[in-house]
Amino acid sequence: MGSGAAERGQTHRRPVLLPFLLSLFCQALSEQIRYRIPEEMPMGSVVGNLAKDLGFRVLELPTRKLRISSEKSYFTVSSETGELLVSGRLDREQICGRQPVCALDFEAVAENPLNFYHVSVEIEDINDHAPKFAHVFFDLQISESAQPGTRFILGSAHDADIGTNALQNYQLSPNEYFSLLSKEKSDGSKYPEMVLKTPLDREKQKSYRLTLTALDLGEPPLSSTAQIQVLVTDANDNPPVFSQEIYRVSLPENVRPGTTVLQVTATDQDEGVNAEITFSFSEAGLRPEFDLNSNTGEIIILNTLDFEEIKEYSFVLEAKDGGGMIAQCTVEIEVLDENDNVPEVIFQSLPNLIMEDSELGTLVALLKIRDKDSGHNGEVICKLEGDTPFKILTSSRNTYKLVTERVLDREKNPEYNVIITATDRGKPPLSSSSSITLHIGDVNDNAPVFQQASYVVYIAENNPPGASIAQVSASDPDLGPNGQVSYSIAASDLEPRALLSYVSVSEQSGVVFAQRAFDHEQLRSFELILQARDHGSPALSANVSLRVLVGDRNDNAPRVLYPALAPDGSALFDTVPRASEPGYLVTKVVAVDADSGHNAWLSYHVLQASDPGLFSLGLRTGEVRTARALGDRDAARQRLLVAVRDGGQPPLSATATLHLVFADSLQEALPDLSDRPLPPDPQAELQFYLVVALALISVLFLLAVILAIALRLRHSSSHEAWGCFQPGMCTKSGPVVQPNYSEGTLPYSYNLCVAHMGKTEFNFLQSSDPLSSGQDILCSESPGTLFSLCNSSESTSHQVSFH
C-alpha cells in the first residue's frame, strides 16, 4: 500500500506510507496516509500512487471519482492513474515558516460509496535560502581605553531554512585585535559577538575594516557577508550597562496598540555627556509591531499581535552613551493565545440528492471544523440543531460525518434545513453555525390510492354509444414518473371477448366510456376491476371495483300472451254458461312486459264492449267476470276490446280482443258464431258521425273567411255586415261557461255565428279556444253539444247537438 522510504528519481522524493489498510472494503481509514517530499518540486511531479495505497483498482477510478478536498490546491489526483500530483508551488518557508515540521494535511474524497481518507504530505526543507544580514555595513565605535575581553554584539543574519540548511556559524576575517563568538538565543537563532583581544591605540590606527561571514551547512553550503568598520575613539571609560542581559515578557494577543510592553534601563558610571544614554533597535525596521522610546527605553505596541501568525518575538536593543560606547541586551516577548477566533464549519462534500430509501447510517456529508486558536481555545464541540433525521459522528481531528439516523420520507419532508453549530472550549466560548439544505430524492414507494374504496354508477339503458358513464381518480404522492398514474381495466365479470365492445377507460383521465347502448332486459349490471398504475420502476398499482347498474327505460310495450290467435290467424272464443251468476270468472287476459319496476306494472282497461254493463275487468289481474246475469234481450255473442297499459312515462299499451259466447255447450255456440252477424258498435258509429261533422264545419268556416275577405276588398261602408266580427254585436243571453271536451275526440269546441244583412244569411264557425271576454257566445250546458249558434239580430240561440 505504501511506496516505502526509497528515493524516487533525481528529484529526491521520499514518499512514505506509515499505516496499513485495515481492509480493502472498510468504511474509512483510521490512520493517515503519509508522504514525504522535498519542497519546490515541479508542477505535475508524482507524490505517490494514492489510489493504489487506498486499495483502489484502476478500473474503479472512473466510478469512485477520487479527488482532493482542501482549502488550497497544492495537490491533485490523476483521474487515469490515481497518482497524487503536485499542482501548486511548494515553498516550505512560505507555507510553514520556521516550524520544525511542515506537513500539509487534507482529505481525499471518494464516491460510490461516499468516503474520505486522511492524507498528510510532509514538506522537507532544501537549502534554497542563503543567510542574509539586515545591513551589509556596520559602524562600531570602540574607545581606545576598552579592555581586552570586552564584547560587542554584532548584527545577526537570518536564514529562512531550518535544520542544517539554516544559519550555523559566523566567521570574522583574520586580524590581531578581534575574535568572534557565536551565541544562541532562546528561540534557537544565533547571533555574533565580537571580543576585543588586545588594547587599541587610536594614535597608531584610527579604524579597522573587518568582514563578517554567515554560513549554513546545507548541500551545497550558502553564505553571505557584511562589512564592519571599527572606529577607535578617545577614552570613554565606562560603557552603558543594562539592568538585565535578557528581558522576557508575556503578552496576550489581544493587547491594544499603544500599550507599554516593558521598559529597559541602563546605567553609565561616567558623567556628563558620556553618561547620556539613548536606546535603539540594533536592527532597525525588523520589528514593525513595536516602537522604542529612545530616551526612556519604553517598548510600545504599534500593531495588533496575532498568536496564530507569530508566537514569539526576539530582538536586540542597544544602549549608547554620549561617548559612543554601546551596550546590548536581548528582549524576548511571548505572545499568549486568546480565544479570538470563531470556529468554522467547512463542508467537504455534499450530495445533490439523498434518496428517501437510504439505509440508516448512510453517509450524507463530510465536514471539518477549523479553529485557529490553540489549546482549549482550539478544542471544538460540534452539534446538530433541531429535530432532523440526521446525526453527527466524530471521525478524527475535528473531522465529522453527517449520517442518517431515521427513515426518510420525501412525501412528508421533501427537504431539510440542517444547522450545525461548532463551539470551542475557550472562556468565554465562541461558536458559529452553518446551515445547508438537503434535498430528499424520490423513490417509488407509494402505490396509487383511489378516492373511494369502490364505485357504483347508474346508467339508463339506451344510452348513446361513446357516452361517459363514470370517472375514477387515484392519487400518488410520488414525484415525476413515480407519481404519474394511468388507468386500465384489469378484470370484469363480462366475457373477455365482449368486454371491449361494452366499455373502455381513458388511460390518462380514468373516464369510463360506454362503447354501445346498454339494454336493461339483456344486461342489468356488470362489474369492472379498474387498475391505477404509476410509471415508476418497478411500477406500483392499486385496484378498485366499479359496479355499473343499467337502469330500465319504458322501451317495451306489454305483450299479450292470452287470448292468442289461432294458428290460421282466426280469433278464438270463450264460452260463458247462460246461467252464470254475477262474479263468474269468464276468462283472464294474460300479458307480460320485458321492462321492470313501474315500467312493468300492468293495468287492464276495457276499450270497447258490445254490452258495457255485462262484464267487469280486474284492473290489475286482467280477470274478466260477469257483472250481472244474462238477460233475454242480451245478445249471445259478445265482444270485448281490452287495453293493457304499463306504468311507464309515457305509458305503452297493447290490445286484446275477447270473443265471448253464451252457450252451455260447444255445439250450441257454433251456430251463433257462423250465422249471426255481430251487432253494430254504437261507439264506432258515433266516432264516424263526429268526423263527418268536423269536416263539414271546417268547409263552412273556410267559405265564411273567404267571403269576409272579399267584402272588405270592396270597401263596403256598411259596418252591419261585420256585426258578428265586432265586439258587442252578438246578444248575450246570460252567463256563458266554456264546455270541457278534454275527454272527447275533438281537441277544440266551436261557436257557430249567424249574421243577417238584409236578406242574406251567413253561417260560419269561430274557434272558441282561447275565449275572449269581448265575444258574445250562447252556449248550451248540455254535455252532448258540439256547436253553439249565435244570432246577431235576435237574442235567441239554436243548439245543435250531434250524438
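Glycine too: its Cβ is placed from the backbone N, Cα and C atoms.
Record features (TrEMBL):
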DOMAIN    29-133  domain 'Cadherin'
DOMAIN    134-242  domain 'Cadherin'
DOMAIN    243-345  domain 'Cadherin'
DOMAIN    354-450  domain 'Cadherin'
DOMAIN    451-560  domain 'Cadherin'
DOMAIN    575-673  domain 'Cadherin'
SIGNAL    1-30  signal peptide
TRANSMEM  688-711  transmembrane segment
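Under the criterion of 3 or more C-beta pairs below 8 Å, with sequence separation of 6 or more, the domain 'Cadherin' (354-450) and the domain 'Cadherin' (29-133) qualify as touching. Mapped onto DSSP classes, the domain 'Cadherin' (354-450) shows 4 helix, 52 strand, 41 coil. Taking H, G and I as helix, E and B as strand and the rest as coil, DSSP gives the domain 'Cadherin' (134-242) the counts 3 helix, 55 strand, 51 coil.
Helix first, then strand, then coil: DSSP counts for the domain 'Cadherin' (243-345) stand at 4 helix, 46 strand, 53 coil. Mapped onto DSSP classes, the domain 'Cadherin' (451-560) shows 11 helix, 51 strand, 48 coil. Summarising model confidence by region, the domain 'Cadherin' (243-345) averages a pLDDT of 87.
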